[in-house]
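To keep things clear, I will list the structure first and then write my remarks on it.
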Amino acid sequence: MVTKTRTQRAFYNSASSLVLFGLRLVVQFVNRSLFIKLLGIYYLGLNGVFSNILGMLSLAELGLGASIVYALYKPIAENNKGKVIAYMNLYSKAYKFIGFIILILGLVVYPFLPAVLQISKLGHEETVIYILFLINSVISYLLFSYKRSLLNAHQENYIVSWLDFALYVMITICQWSAMWLTHNYILVLVLNICSTILSNFLVAFVTNKRHPLKNIIPEPITQAEKNSLKKNVLGNIIGNIATVVVFSTDNILISSFISVTTVGIYSNYTMITNSFNTLLSQVMVSQSASVGNLVHTSNSDKVYDVYKRYQFANFISSYLVSLLIFILINPFIVLWIGKDYLLSTQIVLLLSMYIFLQTYRYSGFILYNAYGLYWESRYKPIVEAVLNLVFSLLFLVVFKWGISGILLGTICSTLLTNTWYEPYIIFKYGLKRTMKEYIWINIQQWLVYFVTLVGLYFIAPQRWFAPNLIGWLQLATVSGSGLTVLLFIVLHKDETLRWWLNFVSKRLLKIVRR
């Protein structure tokens, strides 16, 4: 019964991620189109810069959320509610403290904003906009945000996802009205704050209803559990420094060394790529609770078999998404907002590589979360963060390669760290088995990807189709079908592919027979 429930919840989480991805993407495109038309590219760039700055300030939290969820897996599996509420009480106090830390850090950063925006003095409007961004970030920590972790640990991510989406649509419609009637970006940000408050209250209400802990007496956290939690929190904080440095400095560097307007143009591309990034991340990482349960109830061989299946599915997804973005994104930008917002083919090529390298890691994150391997990998992110900044500044400032230099810096730092060290930690401390089979699988998959990418760069299939909506849809259909057929030809003997085909066919048969 446990296995069935675990599988069903994993399916609900993945299915919800897929459905909500499509719905949210449509809303995002409409919202971005209206934003550019009614508010302009400067405010879009400002939005990107301030979002990145607040992303860096969130370093104060990184590590706690994932570590608490990991700590909850065991007491939830054992139905130990006393231990669960003890961890949740600790989480609540820590989040309030973190909220105040972010507020202080946000005020400390304020005097340096003119240098980032390349202006002599911050105007009244820019000041108000930044303060509203800061308030929105702080409120998320002070008002029940920690309760989301309890739903996540119970494999009920889909509930949070649907609640957030419903509220997102409602607030977005209000924002459209505000933009259309007033052309006032400040009012849009005020509505964002209202959305954050409502979202946290709703999630807290649902969590309390589904998993009531009000009358449960907390069971003291033992010293061994405290030590384990401290190690995981510290390891996860260090482990996520690289994430913040890598993902939250791009817009700051572009604004500081190029322009705020360029941030706006680049953010149109990152909105698209981040949407697919988020989709793959949610689909994969939403399995963490399921695998976390498996880790505590099965042996290492069973976990490894499951991991191989996730890793294969991860490769197929990363391959298709990154290559289709390379083929389709520039023709789409032209259709959507015009040629004035295009980036070069070379930048898009690097963007495709960047997406593949990042999304290819997501299956590994499942085991990172399930085994709680944050402490064991504590040194890797420091090296990654330093390398990323050094390479990005070298290519941006010395070689003057612009956005290409920033992307190339991230690619170099990822290749030199994540691609080999993260699997090493997983196999040594989690699975505790040799990496030989995994390395051979990786070599094959990487070779397939890079040969295909180089081939597409020289073939340039975009030039064969008309620059209109019908032509773009034809290009998307032919490209998607062609890449899928190519994968089947290359991987038709792979045992994991056969397992997935068998799994999907059985599921489809069950649906048909109903």
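The backbone N, Cα and C atoms fix where each Cβ goes, glycine too.
Just so you know, TrEMBL annotations never went through curation; they're auto-generated.
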Inset, instruction - Among 221-243, 267-289, 405-427, indicate the range for which TrEMBL gives the feature transmembrane segment. - result: 405-427
Legend entry - Positions on the same chain near the transmembrane segment (94-113), where near means CB under 8 A and six or more residues out: 53-54, 57-58, 60-61, 64, 122, 126-127, 130, 134, 137-142, 145-146
Legend entry - Touch test for the transmembrane segment (185-206) and the transmembrane segment (128-146), at least 3 Cβ pairs under 8 Å: yes
